[in-house]
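A short worksheet on the structure shown next.
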Amino acid sequence: MTQVFQGRSFLAEKDFTRAELEYLIDFSAHLKDLKKRGVPHHYLEGKNIALLFEKTSTRTRSAFTTAAIDLGAHPEYLGANDIQLGKKESTEDTAKVLGRMFDGIEFRGFSQRKVEELAEFSGVPVWNGLTDEWHPTQMLADFLTVKENFGKLEGLTLVYCGDGRNNMANSLLVTGAILGVNVRIFSPKELFPADDIVKLAESYAKESGAKLLITEDADEAVRGADVLYTDVWVSMGEESKFEERVKLLKPYQVNMELIKKAGNENLIFLHCLPAFHDTNTVYGKDIEEKFGVKEMEVTDEVFRSSYARQFDQAENRMHTIKAVMAATLGNLFIPKV
């Protein structure tokens, strides 16, 4: 079957097939090479891109902005105070207006339904920059980083440590299953992934041959791992749960002891950032004062170690987002994948 990207939205990882995701990862590597060599790639010349942000961001905003400019497009940032999604104006009406003015729309916010409505009613490609359920553009950056380090994806083992119910755990479990990557969720039972997410991932794993594991046993989780991945213990909007999460997730911290348990000297560490690995922020100092914790989901030792690839990963947000925008909006000759 012929598969084309033009005009399509990217709202969740399951929107694209395995072959399409692999194509986008390889296309990202190509665009990264062009960028490094200073070769222009203005595939979106004259296009206007709306960047809608209900949730604040450093990497997603910077990546979409620089990617759009590199592609020759004009990005327009609309923050939480600039848009009325569901407040004074329905998401449907907002989508219809923005679709008349912009060629593509990025949305970063809380509700998956909102990004779906934007895609349904705008008439232009919509890209999910993060919702409470999924983080698809992050996945392309993550698996590009993994492929850069190992030269392949299929058969590798990635372990996610921490809150197994958040959007990162959802996305890693499903995307890994699609791509044939073995995914293990190392989490307390109280925070195991939702059953519907697990069932979805298992359905993809049957096709790809990926092996999935959800466990609270450290030895079982990390043995032979190629990638250890973690994220913040408290997601945006859940700040009231801080004390509970610190107590619950302390045993799931990524530290050198956990890395050594993996028994793989070529292991890499990933984090989607921001990371609470020290107290060099106002937030970090506040956490230390309230809970007596100087390091949270990852120790400073690991974060600054030779295993760490989180800044390569952050850079790759730009290259992978560029690939998605170019493929879905650039009228490129991609007849099938």
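A Cβ is built for glycine as well, from the same backbone N, Cα and C atoms used for every other residue.
Not measured: the values here are computed from a predicted model.
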Same-site residue for carbamoyl phosphate (record: Swiss-Prot; known: S57, T58, R59, T60, Q84, R108, H135, P136, T137, Q138, C272, L273; options: R184, R223, R317): R317
Neighbour count (Cβ, 10 Å) for D231 (L-ornithine binding site): 25
Binding residues S57, T58, R59, T60, Q84, R108, H135, P136, T137, Q138, C272, L273, R317 (carbamoyl phosphate) - maximum C-alpha distance in whole Å: 28
